[in-house]
Each structure stands twice: as structure tokens, then as C-alpha cells.
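Enquirer: Once you've had a glance at the structure underneath, I'll fire off some questions.
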């Protein structure tokens with residue numbers, strides 16, 4: 001009997017029990033979160049257990065150390081060294097294999113000329129033509145069954161000028177080498193192609209060149225390995241459809257990591273990056289984009305090095321790609337379901353997949369069936385007289401308290417914008433915590449104040465039903481979004497799970513009422529809508545403890561009579577909190593509204609008073625023996641809280657550093673933080689008003705700490721620096737001044753840092769800082785001259801870029817006025833690999849250029865002076881990008897054809913000055929080597945001393961990356 005009493009006491013709906021259960025729930029969620037983020041570090045292969053895997057990892061780590069020894073962008077000589085090392089490793093691995101073939105684009109002098117939309121800005125209408133000389137290394141492993149559609153594995157070996165490329169994309173490259181080594185030993189059933197491609201960073205050009213190779217016809221599937229962060233776990237960033245997601249599910253059994261929230265965020269352009277997967281997808285391939293994704297403030301900086309990553313991160317990508325490639329290479333694939341997929345993993349133990357279209361159908365079923373069932377049960381309970389009547393005040397307090405929490409949250413967010421808008425960059429936990437605690441604390445205060453003056457007998461059940469209604473509305477809206485996006489909003493699945501579990505909890509409550517015993521006596525209104533003068537001190541205390549769950553005796557989830565008898569131990573006060581009423585037994589209506597004071601029980605009418613108190617007492621006792629709340633709690637709180645918290649963490653973990661990329665991203669992150677904190681709070685709001693004073697005190701304390709951290713702590717530290725973009729621009733048409741451009745977020749961050757540089761502090765150098773678009777700030781000053789070339793004389797920067805016009809028939813009398821104009825240019829640039837030509841006409845709205853020709857002199861064919869590549873565009877060409885491999889080949893030979901104004905608009909105008917058909921050509925050439933030296937007059941000097949100065953003297957709370965494809969840009973302009 002004692003044990004039974006203890007058991008009942010533990011399960012009763014009390015403040016302490018609820019608070020303890022909340023503590024346990026959030027403790028478990030925290031432990032699961034830590035387990036999820038740390039487990040992969042403990043799963044490295046051991047030599048005695050998995051010798052082959054251990055060898056693959058150790059060899060890959062050694063390869064990574066070698067290829068990340070220096071910066072190796074496409075525009076550098078180090079890029080060739082990495083290419084040569086990879087080619088050597090590929091030849092070592094393939095050896096004399098009878099089914100392996102190697103193709104080197106550099107040796108075969110493969111080049112392409114093609115029209116390309118800006119891959120990093122889909123909204124751009126700038127027409128671009130790109131010429132690219134490739135040094136991709138391709139390996140073909142012919143499968144046992146070559147009729148099977150082949151699999152491509154791809155990674156790029158170039159880095160940015162400011163990063164060693166350990167994560168982006170050294171780990172992908174060495175993982176490809178490990179996969180190649182594995183599949184050489186275990187011949188695949190289907191043909192595998194490995195593409196070690198070059199120049200992904202500035203146009204996804206290596207991937208584009210792949211489709212100029214005959215082997216591209218052999219492959220249908222692709223695994224792209226990428227790094228858009230700097231370490232951590234490699235996530236399934238995106239996948240083609242439900243079939244490919246299920247293939248990942250079936251193959252990656254150890255440490256799967258993926259979430260379709262990333263996919264939706266990436267396609268929605270919340271992340272301003274792109275990977276080679278885009279090119280493969282646009283060319284009809286299906287597959288998997290596996291990438292590192294955080295932290296973005298170290299991405300493309302000097303900290304993208306082997307020092308800031310680990311073998312655990314490398315093994316996670318290597319092992320994931322190995323499991324996936326081995327499965328695809330050896331199994332027949334079911335690829336029938338090509339609808340977008342919703343997918344997620346559970347702490348790296350289990351991977352779940354559902355078609356977004358199927359999810360939409362289930363949403364429709366939920367939306368249709370749930371209100372029908374709920375309304376039906378409500379009508380049954382009304383008919384059986386088991387439904388409790390509630391006033392409008394009772395029904396509105398939960399949504400109004402939620403609305404008030406949102407309003408207060410909005411006011412707090414305004415304070416963040418005013419005082420510390422970039423706080424998310426340092427630590428998104430504090431603002432999320434502040435938003436979350438503020439919402440639940442506001443709800444607690446308002447509901448309990450309302451209950452103090454106007455007690456509500458069944459607040460929990462009302463709140464659960466209202467939560468169901470709110471979530472039904474949200475699900476309706478998100479289902480519409482899912483349908484209108486052609487099922488590409490694949491990150492909305494958490495709301496479907498939350499709605500389903502909340503619906504079950506609400507239906508169970510309504511079912512209990514519908515199946516309750518019919519009663520003739522109605523207890524009247526359980527929620528008092530007016531304040532009574534009669535109220536004892538003990539009763540007020542009990543009301544504060546919560547009268548919200550006065551269950552009817554007929555409730556299927558209430559205790560037995562035995563339980564009710566044992567309630568005496570609880571010492572529940574029997575004094576009414578409101579006026580005594582005589583209850584009409586047939587209709588449940590009050591027959592007296594007489595008010596009483598402390599003397600009333602001694603006077604006439606005391607019998608009526610005692611009857612009311614007795615009824616009230618019995619009802620209040622039932623509150624403490626209500627065990628249904630545990631079922632409702634377990635349905636609504638643990639699973640939805642974990643899924644919603646994990647989803648918000650996924651979003652913030654990927655996006656929090658994007659606040660450095662502009663004000664739009666800042667508002668996006670702030671909005672996600674606000675909405676996410678509300679979603680995390682929703683599962684506990686129906687219960688939270690019931691927590692004890694310790695819990696609410698800790699909540700208030702956590703809010704104060706979180707708000708202080710959010711508003712007052714500086715957003716940038718050594719470990720979470722502000723990423724700043726650098727370039728040094730020399731415009732030959734305006735002199736030889738080497739103007740340094742430093743681009744970063746507004747907020748008085750850049751100028752104080754620049755003013756402390758020695759070259760500025762001890763000179764009269766002026767810094768000009770101006771606001772540019774999207775909340776960014778550009779600071780410019782004249783920096784130290786770069787030393788791009790080794791020379792024995794004075795460095796003449798104007799000799800770096802020279803433009804020679806070989807032919808121009810614009811003013812030729814032999815050309816008809818209706819005939820296109822043709823010009824031929826020779827662009828002489830020293831030790832260079834990349835230039836851009838931009839075309840513009842002062843007299844025509846659109847670029848009149850219709851045809852571009854590139855004359856290429858091949859080393860392997862000296863008998864052919866030039867090989868021409870030509871491309872035409874009826875809509876006009878705005879830009880020509882040039883990329884060549886040979887540093888010793890100092891010229892680009894270009895042909896340009898453009899329409900005269902007469903052909904484009906049909907107007908015949910007098911052109912006395914002969915300028916209406918002029919074509920302005922702006923030339924920009926790029927150099928990306930900075931961590932090296934030139935020899936000037938016998939003395940070794942650094943190539944870009946202005947950048948060295950920033951690296952050496954800027955505080956550690958700053959990190960630096962390139963603004964454009966080179967660190968030094970030399971510009972010139974001519975008119976044709």
C-alpha cells in the first residue's frame with residue numbers, strides 16, 4: 001500500500017513532478033546532442049581491427065599534409081605542383097591494373113570555350129563567355145558489367161589564394177585517392193570515373209570541362225566531395241531525389257549524417273556558395289553532394305589548414321564516400337522515385353527518408369481527418385454531457401500569452417539590431433536561449449496572473465487543444481508551400497511530426513471526455529470569469545499551484561476510487577476560490593449567485609455552501625490523481641522538442657556566420673532564430689505554467705544571462721573572427737597607384753583596424769571608408785606596391801599588362817554600315833593565368849558583342865600556328881573570362897565581333913564624330929600568389945607586402961580572404 005502511494009505520488013500532476021520531468025527531458029536532449037556531435041571522433045579505424053581502413057586513413061592523411069603545404073589556387077605555380085603530385089599518386093595506385101585508365105587534361109591540352117551563367121548568382125543577367133584550359137586528372141575503372149550506368153566521383157584540387165585548402169577541398173581529393181585505392185583492390189561491377197578537377201573556386205570550370213571528355217558519356221551517377229566550411233562532419237548536403245536518398249540510407253550504415261533542411265537552405269540561396277554538384281545536376285546526372293559545412297568564418301581563410309582539422313573529420317568524409325561508392329558500384333539501383341526527398345539522421349545511428357510528395361499526401365490526410373475526429377468527439381462529449389463549459393477568457397489566455405511572448409520577443413530583437421546585430425556570429429546559443437526563455441517566461445507570468453484572478457480548472461487540456469488548432473493552421477500553410485514549390489521545400493518535415501504527436505495528445509483528451517460516464521449533475525463553469533470576495537488564504541495557495549486539471553470523475557484517465565480515497569495525504573484545502581452556487585442538477589446552471597464571507601457557513605444557507613464546497617473539493621482532488629498528463633507530456637514534449645531543437649541547431653550552425661556577408665543575411669538569421677525559438681518553446685507551453693518556483697527562477701536567471709551575453713558581448717573573437725575580403729587594385733588608365741580594397745560588415749570594425757597598421761599610422765595615408773550595398777563597408781587606401789615579377793631593374797607595373805590592337809575595321813571604308821564590326825586583340829600579360837574582358841557600348845543599352853574567337857597555340861602541335869575556338873550569342877556577350885595554364889605563354893589572342901548601332905535599333909543617325917559604334921573594353925588581370933617571394937635587384941621581397949601587413953598586424957579577431965579570383969588586379973581599358 002505504501003509502494004502504491006509512492007507510485008501515485010510520483011505520477012500526480014504536481015509542480016515538482018512536472019519540473020523534474022522537464023529537467024530529465026532536457027537533460028536527455030542535451031546528452032543526445034553532445035553524443036551526436038562528438039561520437040564521430042571516437043570511430044577511427046584501428047589497425048588491429050580494420051587494417052585496410054586504417055591504411056586508407058593514414059595514407060590519406062599523409063597525402064593531405066603534402067597537398068596543403070602551401071596555397072595553391074589555379075592562378076599559382078603551386079597549383080601545378082599539386083597537379084603533378086596527384087598524377088604521380090594516381091599512377092602509383094593504378095599501377096599495371098588491367099581495368100584502369102588515366103587521362104590528363106594538361107597533357108592532352110584540353111580546353112573549352114562556352115557560354116556560362118554566373119554559377120554563384122542565378123539572378124544575374126550578365127552574359128558570360130569562358131575560355132578555360134584544363135588540368136583535370138581523370139581515372140576510369142572499367143566495371144565487371146560495363147553495361148551498368150557508371151558512377152563519377154569528383155573533387156577539386158585548387159584552393160583559394162588565401163587558404164591552404166585542407167577542407168576545401170583537400171579532404172575531398174584525398175578521399176577520392178582512398179576510394180580509388182580501395183576499388184583497385186575490389187573491382188567494381190559498374191564503371192567508375194574519378195575526376196580530380198581544377199579551378200572550381202572561380203567558376204566550377206573543372207566540372208564543366210568534364211562534359212567535354214568522352215568518358216562523361218559513361219556516367220549517370222555522381223558523388224561530389226566538397227568543403228564549404230572548415231572541418232567537423234561531412235553532411236549529405238543535397239541529393240537528387242528520394243531514390244538517391246534511399247541509396248544513401250541503405251549504404252551509409254555507420255555514422256550517417258544528413259538533413260534535407262540543408263538542401264532547402266542551399267537551394268533557397270541562404271548560403272552564398274556553390275559546388276561542382278550544380279554542374280553535374282544541370283547536365284542530367286543524379287547523385288550526392290557530400291560536404292563539410294561549418295564554420296564559414298574560417299572557410300576560404302588561412303585557417304582552412306590541416307592545423308584546424310582532424311583525422312576524425314577526414315575519416316568521416318572518407319568512410320561516408322567509401323560506403324556509398326562501394327554500394328553503388330556493386331549493387332543494382334532502384335531509381336524509380338525521382339521526387340524530392342525529406343531526410344534526416346538520428347544522432348548518427350539511423351537515417352530516415354520519405355518522399356516530399358508522400359509527406360504532402362500525409363499532411364493532407366492529417367489536415368482532413370484530425371479536425372473531423374476532433375469535432376466528432378467534441379459533439380459526442382457534448383451530447384453525453386461530459387464536455388466542460390469554458391468561458392472566452394479561458395479559451396483565449398493560451399493564444400494571447402503566446403502572442404504576448406512573440407511581441408516581447410520582437411521588441412527584444414529590435415534591441416539586438418540596435419546594439420549588437422552580429423552577435424549570432426560569435427555564439428548563436430545565447431540569442432536563441434534568450435528568445436526561448438523570454439517566450440516561456442512571458443507565457444508563465446500571463447497565464448498564472450490570469451489564473452490567480454480568474455482560475456481555470458482545465459488549463460492544460462485547453463492549451464493542448466489550442467496548440468492542436470495552431471499547429472493545424474501552420475501545417476496547412478507549410479503544405480501549401482510544399483505543393484507550390486513542386487515539393488522542393490524539403491525542410492518542413494519537423495512540423496508534420498510535431499503536428500501528428502500533438503494531435504494524438506489532443507484526441508486522447510477528447511476521447512476520454514467522449515467515452516466518459518453520463519452524469520446528471522453538471523459542475524457548472526470550471527473557470528471563474530469574475531473575482532469572488534470569498535477566498536481563503538489556503539485556497540489561493542492552491543489556485544497558484546494550479547487548478548487547471550479538474551478532471552471529471554468519468555474521465556477514463558483519472559484514478560480509481562481507491563486513489564481518490566488516498567488523497568487525504570495531500571492535505572488539499574477544501575475552501576472554495578470563488579462564490580458558492582447552487583447547481584441545477586438537470587441543466588448544470590446556477591440557481592443562486594449569492595456571495596458569502598467567512599461567517600456565511602454559520603448562517604442560513606450554509607448547507608448550500610457546504611454542498612458547493614464538497615463538490616469543489618472532490619473535483620480538486622481529482623486534479624492530483626490525473627495520470628493522463630504523463631501520456632500527453634511524453635507525446636508532445638520529448639520527441640518534438642528534440643527534433644525542433646535539432647532542426648533549429650542545424651539551421652543556425654550552417655547560417656550563423658553568414659551575418660558577416662550582409663544585412664539581408666543578418667535579418668534572415670535573426671528571423672530564423674526568433675521563429676526557431678518559438679517552435680522549440682511550443683511543446684512545453686501547455687505545461688510550463690505549472691512548473692515550480694525553482695524552475696521559473698532558473699528560467700528568469702537564464703534569460704538575464706542570455707540577454708546580457710547577446711547584447712553586450714563583442715561578436716568577434718580569436719576563434720570566431722570577422723572575415724574581411726582583400727584585393728589590391730592597380731588601374732593603369734588612372735596611374736600606377738596600388739589601391740588596397742578591404743570589404744567587410746559595417747559597424748566600425750574596419751577603420752580602427754586599418755588605422756593601426758604601421759604603413760598608415762606613421763604616414764599621412766588617407767583611409768576612405770564608404771557604405772556599399774547590403775550593409776557592407778568598403779575601405780580603400782594606397783598600399784605598398786606589389787612585387788609580382790622578379791626583375792633586375794626598376795619594377796614598372798605598367799609593363800604587366802599591355803593591349804595590342806591587331807585589327808579593327810570599325811572605321812574601314814570597305815565595311816558596309818550593315819556589316820558587323822571585327823577587331824583582333826593581343827593581350828600581353830606576364831606570369832599570369834587569368835584575365836577578364838568586359839564589353840560595353842555607350843550608345844547601346846545591351847552589349848553589341850555577338851561573337852568571340854580565341855586563338856590557341858598548342859605546344860603539342862607546332863605545325864598549327866593557331867587553333868581557333870569561336871562562340872556566338874544572339875543576345876549579346878558582356879564578359880569574356882580567360883584562364884590559361886602556361887605561365888610562360890604571355891599572350892591571349894582574341895577576336896571580337898559586334899553589331900553596329902544601325903543593326904541593333906534600326907535607326908539611321910548622323911555620326912559626324914564616328915563614335916556611335918565604339919566598343920569599350922575593360923581588362924582585368926589577376927595574380928593570386930602571395931605567400932612567396934620575388935627577386936628584385938638581387939633582393940628577395942614579398943610579392944604582396946600590403947596583404948602581409950594585414951595578416952601580421954591585424955588583431956586575431958579578423959580573418960582575411962580574397963575579394964576576387966586574385967589578390968592583385970591590374971586593370972586597363974581601351975576603345976575599339
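Glycine is treated like the rest: Cβ placed from N, Cα and C.
Take a look at what Swiss-Prot says about it:
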BINDING   156, 168, 226  Zn(2+) 1 binding site
BINDING   168, 201, 300  Zn(2+) 2 binding site
COMPBIAS  549-558  compositional bias 'Polar residues'
COMPBIAS  559-570  compositional bias 'Low complexity'
CARBOHYD  96  N-linked glycosylation site
CARBOHYD  121  N-linked glycosylation site
CARBOHYD  189  N-linked glycosylation site
CARBOHYD  212  N-linked glycosylation site
CARBOHYD  217  N-linked glycosylation site
CARBOHYD  656  N-linked glycosylation site
CARBOHYD  768  N-linked glycosylation site
CARBOHYD  796  N-linked glycosylation site
CARBOHYD  811  N-linked glycosylation site
CARBOHYD  866  N-linked glycosylation site
CARBOHYD  937  N-linked glycosylation site
TRANSMEM  16-36  transmembrane segment
TRANSMEM  360-380  transmembrane segment
TRANSMEM  393-412  transmembrane segment
TRANSMEM  429-449  transmembrane segment
TRANSMEM  462-482  transmembrane segment
TRANSMEM  497-517  transmembrane segment
TRANSMEM  628-648  transmembrane segment
TRANSMEM  669-689  transmembrane segment
TRANSMEM  693-713  transmembrane segment
Enquirer: In the structure shown, with every protein chain counted, which of the glycosylation sites 212, 796, 811, 937 has the densest set of Cβ atoms within 10 angstroms of its Cβ?
Expert: 212
Enquirer: Determine, using Cα-Cα distances only, which of these recorded positions is closest to residue 156 (Zn(2+) 1 binding site): 96, 189, 201, 212.
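Expert: Checking each of 96, 189, 201, 212 against residue 156 (Zn(2+) 1 binding site), the shortest Cα distance is to 201.
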Enquirer: Within 10 Å of its Cβ, which one of these glycosylation sites (121, 189, 217) has the largest number of other Cβ atoms?
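Expert: Its Cβ has the most other Cβ atoms within 10 Å: 189.
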Enquirer: Please indicate, using numbers and ranges, the residues of the same chain that are 6 or more beyond the transmembrane segment (462-482) and have a C-beta under 8 Å from a C-beta there.
Expert: 356, 359-360, 363-364, 366-367, 370-371, 374, 390, 394-395, 398-399, 402, 456, 489, 492, 495-496, 498-499, 502-503, 505-506, 509-510, 632, 636, 682, 685-687
Enquirer: What residues elsewhere in the chain lie close to the transmembrane segment (360-380), defined as a C-beta under 8 angstroms and at least 6 residues from its ends?
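Expert: Sequence-remote neighbours of the transmembrane segment (360-380) are 387, 465, 468, 472, 475-476, 478-479, 482-483, 487, 496, 499-500, 503, 506-507, 510-511, 513-514.
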Enquirer: When you scan the chain for residues with a C-beta under 8 Å from the transmembrane segment (669-689), skipping those not six or more beyond its ends, what do you find?
Expert: 18, 22, 398, 401-402, 405-406, 409-410, 413, 416-417, 421, 424, 428, 431-432, 435-436, 439-440, 443-444, 447-448, 451, 459-460, 463-464, 467, 470-471, 494-495, 498, 502, 546, 548, 629, 632-633, 636-637, 640-641, 644-645, 647-648, 651-652, 655-656, 658-659
Enquirer: About how far apart, in whole Å, are the alpha carbons (Cα) of residue 168 (Zn(2+) 1 binding site) and residue 96 (N-linked glycosylation site)?
Expert: 31
Enquirer: Using a Cβ cut-off under 8 Å and a sequence separation of 6 or more, which residues in the same chain sit near residue 300 (Zn(2+) 2 binding site)?
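Expert: Looking at Cβ-Cβ distances below 8 Å from residue 300 (Zn(2+) 2 binding site), excluding near sequence neighbours, one finds 160, 162, 163, 168, 723, 961, 962.
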Enquirer: For the transmembrane segment (497-517), name the stretch out of 16-36, 393-412, 429-449, 628-648, 693-713 with the most CB-CB pairs under 8 Å.
Expert: 628-648
Enquirer: Same-chain residues six or more away whose CB lies under 8 A from the CB of residue 201 (Zn(2+) 2 binding site)?
Expert: 73, 74, 156, 158, 159, 160, 965
Enquirer: How about long-range neighbours of the transmembrane segment (693-713): same chain, 6 or more residues beyond its ends, C-beta under 8 Å?
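Expert: Sequence-distant neighbours of the transmembrane segment (693-713): 19, 22-23, 412, 415-416, 419-420, 423, 426-427, 430-431, 433-434, 437-438, 440-441, 444.
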